[in-house]
């Protein structure tokens, strides 16, 4: 792998920024005496703390005596267009054939003026094709509109012929076959419309018509019956609630008595009494048996 071109100077020891008038005088005087055969060694020989590339660009773009100032002429612009068509964006090669002009100036003029001018000229050259297309589109629209108008006129004439044929049907008995066909079509259309109306009427649901002006006695009777039903329902519900409440109260009282007897020990006394009664009954039976034996 090659290391490429070596740098022309040490960038840390070189002055940068805009040139001063003293530096311009040194560069001009040195080039007028010795020329510019080697731009790398020129800064050391002339005593300038500048890079060789900076000296070259300063001389070519600003300080050389044959440098032209001002706007480009029309001949120069035409030559730039032709050379750009041949060489492309090789600005230094184009500048070599235009004495007194730098490659930077030529590039700026191309991008700011000449390129836009060529684009506009090419657009104007392509413009004549667009009116033809617009004419064709307008013609197509006119044809469509005329076709629609013709169809509408035909329909209106058809309607007029139908009306005239129906009006003069009784007087002219020997009609043409075309008139007969038109009459038949008209009758079919009317019959179909009539059938549609009948079907719509049949499809409607049967709605009960309730008169608004009814007898007030009926409404009062309905109100009283509703109130009576509500009162009976309320009484039944209240009676059922009362019975259920009484039963629940009795159950609670019984439960309370049982609980009280269990706490006081009355249940055991009852059991003892039953045991004594059974013993007494058994003893009485034994006595009776003994008496029967003796």
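Glycine is treated like the rest: Cβ placed from N, Cα and C.
Residues or ranges marked as DNA-binding region by Swiss-Prot: 39-63 (among others). When pLDDT is averaged over the DNA-binding region (39-63), the result is 90.
If you look up Swiss-Prot, you'll see 91-114 (among others) marked as DNA-binding region, on the strength of sequence analysis. Counted with DSSP, the DNA-binding region (91-114) comes out as 18 helix, 0 strand, 6 coil.
The feature compositional bias 'Basic and acidic residues' is assigned by Swiss-Prot to 138-161.
The feature compositional bias 'Polar residues' is assigned by Swiss-Prot to 162-174 (among others).
Swiss-Prot lists 229-242 (among others) with the feature compositional bias 'Polar residues'.
For 11-63, the entry in Swiss-Prot reads domain 'HTH myb-type 1', with the evidence type sequence analysis.
Taken from Swiss-Prot, the feature domain 'HTH myb-type 2' applies to 64-118.
Per Swiss-Prot, region 'Disordered' is recorded for 117-177 (among others).
Annotation comment: Swiss-Prot describes 229-253 (among others) as region 'Disordered'.
What Swiss-Prot records for 266-288 (among others) is region 'Disordered'.
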Cβ contacts under 8 Å made by the DNA-binding region (91-114) with residues that lie 6+ beyond its boundaries: 60-61, 66-68, 72, 76-77, 79-81, 83-84
